[in-house]
Amino acid sequence: MPRLNWRWVLAFSAVPSFALLILYGVAPESPRYLCMKGNTSDALRILEKIASVNQTKLPPGVLLSGRSNDKDEESSPSENTAPLLPSLSKTTTQSKSGFSSFFMLFSPKLIRTTLLLWVLFFGDSFSYYGIILLTSKLSSGQSTCFPSLQSNINPQDDGLYLNAFITSMAELPGLLLSAILVDRVGRKQSMAIMFGLAFIFLSPLLIQQPAVLTTCLLFGARMNAMGTFTVASIYSPELYPTSVRTTGAGVASAIGRIGGMVCPLVAVGLVNECHQTAAVALFLVAIVVSIVCIQLFPYDTKGRELSDTS
């Protein structure tokens, strides 16, 4: 950025995304989607590959397509067999309505989970993107509110970009930490632990700190914020039955993006007006609210069969 400009940075950052165009060709289709379209042969082939990769076998049963008159069935149901996708035929009619899955999120059984997920993703996104934006506001002596603590760094040099790079690297250990915790202590406690650690790392920034310490604190906070994001993305689809799983998780993620949009308008704006304490306090409140939401979820999905929510 010091040598070219932000447009070049965006252009270079977008180049790896084109690899997805290649990977889309080898990504398998959803077996459920194929069954709903009546293509049970391809669906069964994908399920068998999934079972093979996981070193197991498919449970006994048959695949039933979502089309009542479809003849492309691997086998016909009998009294002694059960469908591999038991809720498929029941929800096929419902899925034909564009908004039926969305409205099901507010059914008496799911509304609590839905609202809690919305608050969780909003708070997680608000604090995560706030930590990222604070990097440019608080590190490398960029703040003009505390001139006595500013370092002798030229705003045009690479110091800010180096600090941004360092804090960005925090996402790697964040991913590793979430992978270590998620199946050992459960989804809920993993998020609670990492939110708590993010709170601890952010708290000293209620007051201005030296540049090096600020970068270290932001590193720790971002590492744990990334970890909570990862576990939340695993946890949210596991909370919903199959028929609304992608809708529920997708809407919750979209609500979280609103938190990311609001963040620079509110919290970072406070930093620009020399209200650093108020800005960081907002992030801490978002973290506390997220921790409370986690404890209110009805159950943890660790070790729980997906069929239990279907």
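Note: Cβ is positioned from N, Cα and C throughout, glycine not excepted.
Sequence annotations record features per position, and here TrEMBL assigns domain 'Major facilitator superfamily (MFS) profile' to 1-302.
Marked as transmembrane segment by TrEMBL: 6-27 (among others).
Per TrEMBL, region 'Disordered' is recorded for 61-89.
Within its own chain, the transmembrane segment (115-134) has Cβ neighbours under 8 Å at 167, 191, 198, 202, 205, 218, 221-222, 225-226, 228-229, 232, 236, 239, 248, 251-253, 255-260, 262-264, 267-268, 271, 279-280, 282-283, 286-287, 289-290, 293-294, 296-297, counting only residues six or more beyond its boundaries. Residues annotated as transmembrane segment in TrEMBL: 115-134 (among others).
If you look up TrEMBL, you'll see 160-182 (among others) marked as transmembrane segment. Long-range contacts of the transmembrane segment (160-182) within its own chain (CB-CB distance under 8 A, at least 6 residues past either end) are made by residues 1-2, 131-132, 135-136, 139-140, 142, 189-190, 193-194, 211, 215, 218-220, 222-228, 230-231, 234, 302.
According to TrEMBL, the feature transmembrane segment maps to 189-206 (among others). Outside the transmembrane segment (189-206) by six or more residues, the chain places 120, 127, 131, 134, 138, 174, 177-178, 181-182, 213-214, 217-218, 220-221, 224-225, 227-228, 231-232, 235, 276-277, 280-281, 283-284, 287-288, 290-291, 294-295, 300 with a CB less than 8 A from a CB of the stretch.
Sequence-distant contacts of the transmembrane segment (247-271) (same chain, six or more residues past either end, CB-CB distance under 8 Å): 101-102, 104-105, 110, 113-114, 117-118, 120-126, 128-130, 133-134, 137-138, 143, 233, 236-237, 239-240, 278-279, 282-283, 286. Feature annotation from TrEMBL assigns transmembrane segment to 247-271 (among others).
Per TrEMBL, transmembrane segment is recorded for 277-297 (among others). If you look at the transmembrane segment (277-297), the same-chain residues 6 or more away from its ends with a CB under 8 A from one of its CBs are 112-113, 116, 119-120, 122-124, 126-127, 130-131, 134, 188, 191-192, 195-196, 198-199, 202-203, 205-207, 228, 239, 259, 266-268, 270-271.
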